[in-house]
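J.: Take this structure, written in structure tokens, and hold onto it; I'll ask about it next.
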Amino acid sequence: MALRMWASSTANALKISSNCGSRTSLYPAFSLSKCFSTVLDGLKYASSHEWVKHEGSVATIGITDHAQDHLGEVVFVDLPEVGGSVSKGESFGAVESVKATSDVNSPVSGEIVEINSKLTESAGLINSSPYEEGWMIKVKPTSPAELESLMGSKEYTKFCEEEDASH
């Protein structure tokens, strides 16, 4: 919340727009927009801003570009142990940035089969490559049907635009 207030007041001071739906600021060429967050087709998205890529019997999970953008520079990632389990909607770890610490929730239930150990040395991979190198855990889903309740890319983009507009 504080981040959004700071961004809004900064945008106002600079006389630029941070509203995705409007391009009618005083300096339209310099409009800022959350529309610049990347949302990839082929992934599923949770309303808590995690993504999941289901391939075969494994689901890879991370936080979205939108989430990392709101967090700012990620400095530490707390990951669970391989062999543990996660439950849909429950926290499995945390991401600490220079601005805040946020829980990361699992979009699906299952057994953790791998963690991204690169994040312990290079937490910033979540900022620079949230969908590729910045993935967090890999899970063997116990209920693949849970994937059906998640949003596709178009739904998630609309969700983010509406969420940002309401703040």
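Here the Cβ of each residue, glycine as well, is placed from N, Cα and C on the backbone.
The annotation domain 'Lipoyl-binding' is assigned in TrEMBL to 58-140. Residues or ranges marked as N6-lipoyllysine in TrEMBL: Lys99.
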J.: Tell me the Cβ neighbour count for the residue listed as 'N6-lipoyllysine', meaning other Cβ atoms within 10 Å of its Cβ, over all protein chains shown.
T.: 15
J.: What are the DSSP helix/strand/coil residue counts across the domain 'Lipoyl-binding' (58-140)?
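T.: For that range the per-state counts are 15 helix, 37 strand, 31 coil.
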